[in-house]
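Here the structure comes first, spelled out in C-alpha cells, and everything after it is commentary.
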Amino acid sequence: MSSSLFIQYLFSALTSGGIYAMVGIGFVIVYRISKILNIAQGHLYVLSAFLAMTMIDSWEVSRWFSIPLVVAAVCTIMVILHRLTMHPIRNKDMLSKLLMTVGWVFIIEGSLEWIYGPTPRSLSAFPGPKVLNFQDAAISFQSIWVLGAAIVSSILLYVFLTRTTIGRAMEACSENETGSKLVGIHVEKMLILAFIVCAMFGAVAGIVGGPLSYVTYAAGMGLTIKGLTAAIVGGINHIYGALVGGVVLGLLEAFSAGLISTLFYELVSILALLIILVARPQGILGGR
Amino acid sequence: MREKTIFYTLLLLLAVILPFIYHDLDLVLRAVLMACAVLGLQLLMSYGGQISLGNAAFMGLGAYISGVLSVKFGLPSLLTIFVAVAVTALIALIVGYPLLRLKGYYLALGTLAFGLSVTSLISTLYTWTGGPAGLIGIPDIGWGDFEITNRATYYYIAVAMFAIFFWYSSNLMKSRVGRALLTLKSSENTAEAMGIRTAKVKLQFFVLSAVFAAFSGAVMGHYLGIIVPSQFNVIISIELLIAMLLGGEAILIGSLVGSLLWFFISDFTHSVAIPRMFMLGLIMIVLILFVEHGVSQAFIKVYNRIKTGITGKSPEKRIVQGGETNDIS
C-alpha cells in the first residue's frame, strides 16, 4: 500500500471515528449517571443536521449563528422529552427505560419523515477550501472540522468535569448517587444536565458531520449502532473510552473496506460489537 | 376455572367462523402469524426476564431458508419449512450459548447486534437471497402437485399453528421447566441455589422462541410469495416487543390480543396518513407511561370488578410473577 493511499484511509477512518466517538460519548455520559441507554442518541445527530439545513437553506440564518441555535434547539427537545416521558418512570425497571428511549427514536424519526419526507438531503459544506492536498492524498476539508470538533468538545468536556463545581458534582453523581445526595447535590438536576450534555454532543456531531454525506430521516439507527459500538468497545463506564472505541471502529471499517472488500462494510461494526460483548463486556479500557 | 374453558371455546369458535363473517382476512392472518412469534418472545421476556431485541431475525432466518430452498433447489415447501425451523433452532442454540451469559443491557445489545447481522448478511448474500430487492416467487405451501392457494386455508393453518403453540406453552409453563424459568426471573442466584441450571433453562427458552418465530416467518414467506430483508429488521423485532407489551404481561393469550390490536392500529394509521413511525412511538410511550400490564390484564381487572359487583364475592386470586393476576391465564 502506497503511503498516500494509507493517509487517505487513515483520514477517512479518523473522520468517521470522530463522529462515532462524539455519538458514543453521549451514550456514556447518560449511562454513567442514570444507567439509561439512550437509543435515540444517533437520532439527535440526524435531528440537528435537519434543523441546520432548515435554518441555513430556508430561513437563511448565517452558518455561525445557526450553530448555537441548533444546539439550543436539540437540547430543548431533549429536555422536554426527558421531562415528559422519562421523569415519570424514573423508578421503573431498566426495560421500561430502554423502551422509552426506543419510543423517542420513533417519535423523532416519525416527525422528521412527516416534515421533510423520505428524500435524502445534504447540509451545505462549511465555508472555506473544499479539498486539502496532502502529499498525493486528497482530504475533504470537512474532515478537519469533524476532527477539530471531536477534539475540542472532548477537551471542553474534560475541563467541565474536572475543573468546574457543577461538572464535579455530575461526576460525583455517576460515582455514587446516595453519597451525592448526602452532600447536597441535586441528583435530578444533574441527570437533566447529563441529558443536555449528551444532546450537545449529538447536535455538534450532526452540524459538523452533516455535510459529509446525504442524510435521511432513517439514518439515525445506523449511527446509534456505531456510536454504541464505539462506547462498548472503549468501555461503557469510561467517557474517553468512547474516543478510543470510535477511532478503533473507524480504522477497522476504513481498512477492511479498503483492503478486503466493501461488501462487508456494514457487518464489521456489528461483528466488533458482538465479539467485544461476548469476549470483554467491560470494554478495552474497563477494568473489573 | 369454568370461565376459562368457556372463554377459550368461544375464542376458538370465533376463529373458525371468522372467514365467513369478516372481509379483511389478510390482516387477521398476518396478525395470527405475528402472534406465534410474540408468544415465543413472551415466554422468553415476560416470563423469563431475558431481553431479546433480535427475534425478528429468527423469523427472517425461517422465511429465507425455507424460501431459498424451495425457490433455488425446488424442494417441496412442506419439507423446507421444517428444515428451515430445524436450522434456525440450531443457529439459535449456537448464538444463544455465548449471548445468554450476558445480562440486562448487554443481553439486549447482543441480541440487537445478532438481529442486525442477520439482516445485513441476508442483504450481502444477494446471489442467493436476492439482496435488498427481495426473494421473489416463493411457491405456496404444498408437496408436488398439491398446493394451497386459498387464503382461508392459510388462515386455518395459522390458527392451528397458534393454537398448538399456545397449548404447548401453557402446559410448559405449568411444568418443571416453566417453574424453573419463573424462579430464574425473580432471582438467578436463588434459582442456582435451588439446583436449577439457569444457563440451560435460558437456552431452552431462547431456542423455543426461535422455533416459534421461524415457523411464523416460514409460513409468512410462503403465504406472501415475496420477502425482503426489511420485513425482518430491528424495527420488526421492536414491533414484536410492542405487541407483547400491548397484549399484556405474563399472560399467554396477550400475544394474540396484542398482535391483533397492533395490526388494527397500523391499518388505521395507513388510512389517516400519519407516519407509521410516529404512531408507533406515541403508542409505545403511552403504553409505558399509563398501561402498566397491558390490555389483557386491564380487561381481566375490569371483568373481575363487574363479576364482584354482580355476585358480591371476590374472585379467587393467585399470584403470578410480578404481581397478582387472576383467572384466564
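Using N, Cα and C of the backbone, Cβ positions are placed for all residues, glycine too.
Long-range Cβ contacts of the transmembrane segment (A:6-30) within its own chain (Cβ-Cβ under 8 Å, at least 6 residues beyond either end) map to 36-38, 41-42, 44-45, 134-135, 137-140, 142-143, 146-147, 149-151, 153-154, 157, 194-195, 197-199, 201-202, 204-205, 208-209, 212, 223-224, 226-231, 234, 236-239, 241-243, 245-251, 253-255, 258. Taken from TrEMBL, the feature transmembrane segment covers A:6-30 (among others).
The annotation transmembrane segment is assigned in TrEMBL to A:42-59 (among others).
TrEMBL lists A:65-86 (among others) with the feature transmembrane segment.
What TrEMBL lists as transmembrane segment is A:98-117 (among others).
Here TrEMBL flags A:137-161 (among others) as transmembrane segment. Beyond the ends of the transmembrane segment (A:137-161), by six or more residues, the same chain brings 4-5, 7-8, 11-12, 14-15, 18-19, 21-22, 25, 125-126, 128-131, 167-168, 170-171, 197, 200-201, 204-205, 207-209, 211-212, 239-240, 243, 246 to within a C-beta distance below 8 angstroms of the stretch.
Residues or ranges marked as transmembrane segment by TrEMBL: A:190-208 (among others). Long-range contacts of the transmembrane segment (A:190-208) within the same chain: residues 19, 22-23, 25-27, 29-30, 32-34, 38, 41-49, 52, 66-67, 70-71, 73-75, 77-79, 82-83, 123, 126, 142, 145-146, 148-149, 153, 157, 160, 166, 169-170, 173, 180, each at least 6 residues beyond the stretch ends and with a Cβ under 8 Å from a Cβ of the stretch.
The transmembrane segment annotation in TrEMBL covers A:263-279 (among others).
Residues 225-226, 228-229, 232-233, 248-249, 252-253, 256-257 of the same chain sit 6 or more residues outside the transmembrane segment (A:263-279) yet have a Cβ under 8 Å from a Cβ within it. Long-range neighbours of the transmembrane segment (A:65-86) within the same chain, counting only residues 6 or more positions beyond its ends whose Cβ lies under 8 Å from a Cβ of the stretch, are 36, 40, 44, 47-48, 51-52, 55-56, 97, 100-101, 103-104, 107, 191-192, 195-196, 198-200, 202-204, 206-207.
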